[in-house]
Amino acid sequence: MTTRRLPTLLLLSCLTLSSCDKAGGGKADPAKAGTAKPAVAVEMAPVATATLSRQIVAVGSVRSDESVTLSPEIAGRIARIGFDEGRPVTRGQVLFELDDAVHRAQLAQAHADHGLAQRNYQRGLELFERKLISQQERDTLSSAQDAAAASLALAQAQLAKTRITAPFAGIAGLRQVSPGDYVNPGQALVNLEAVSSVKIDFRVPELALSQLSAGQPLDIEFDAWPGERFRGEVYAIEPRVADTTRSVGLRARLANPEGRLRPGLFARVRLQTGVREQVVVIPEQAVFPRGEQQFVYAVSQGVAREREIRLGQREPGRVEVAEGLKPGETIIISGLQKVSNGANVVPAAGSAEKAQASESRPPAAPP
């Protein structure tokens, strides 16, 4: 009798223990508790629209407003140099003087010859009026006077050429000669550059020809002055298109009162050809690359999701989104390194999107 009851008692004991486990509270495994990651505080902003200028981007180089290499027209020895290298000079300032002793002597001789020829001609006129000389003799005296006058003018010009002056105001370059050097006609002495305003030469594709006109504004950046943007204006367009490159040359001018821009500088040009309105733009720092693709983190109901976008025109601090975002959507603009796809996010202190993000998150479950 006792033996038959034993299996029944064991079964009842197991059922009782199982029931006790379920009724005893069903506590969760402590290892599984708290697996949900806390929300990451990031800075958010709404996707906005703006008016952007239509632009043609090109590269070019700086030219002086005026530029010349000064050379002597006659041979001679350098007697004096009248400027400091790298310093401003004025129009008409004497920069070089050649030894003029020989030319002054030649001028004195020419003056004497001219005076004698004038006196001979005057005496010849008197004699001709008195019928004492022939017409031919009078003409000979007249020609001698003219020749003497020409010789005098030549001597004066030769003497003037011993003084080499600045044809315009500008900055003198580095001289290639020293006092005492003997120079020949055409020999380079120094460069002179007028840089109170400078020119920018650049080329654009022929397809843009219909969008070009004199007077168009442009923005210019230089590697030598990073972070600065200069403003200029197109004033000349080349009348023909280059056969080899299918491009047209343009020349712009911009003020350079401080003389910071120098001839030969590399320039990046943005030529404004119009405006576009209601363009979707976002802060440049909101974009992160992966390979050749560009992404942002779009936020919806407190969750960050990667969103592939296609970029368009770039401007300092912001970039156009051609595809992938709509105005009013919320994106993360700071703290991207702390976020992963699907992460819970909250606005950081001071974020402009704090109120909007709070409203977009789902309500917390009741306790």
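Heads up, the Cβ atoms here are built off N, Cα and C, so glycines get one too.
Residues annotated as domain 'Multidrug resistance protein MdtA-like barrel-sandwich hybrid' in TrEMBL: 67-190.
The residues of the domain 'Multidrug resistance protein MdtA-like alpha-helical hairpin' (102-164), classed with DSSP into helix (H, G, I), strand (E, B) and coil, number 54 helix, 2 strand, 7 coil. Look at TrEMBL and you will find 102-164 tagged as domain 'Multidrug resistance protein MdtA-like alpha-helical hairpin'.
Summarising the annotation, TrEMBL assigns domain 'CusB-like beta-barrel' to 200-273. Summarising model confidence by region, the domain 'CusB-like beta-barrel' (200-273) averages a pLDDT of 93.
Annotation comment: TrEMBL describes 279-345 as domain 'YknX-like C-terminal permuted SH3-like'.
Residues or ranges marked as region 'Disordered' in TrEMBL: 348-367.
Annotated signal peptide per TrEMBL: 1-23, in sequence order.
Across the domain 'YknX-like C-terminal permuted SH3-like' (279-345), DSSP classifies residues as 6 helix, 42 strand, 19 coil. Applying DSSP to the domain 'CusB-like beta-barrel' (200-273) sorts its residues as follows: 6 helix, 37 strand, 31 coil.
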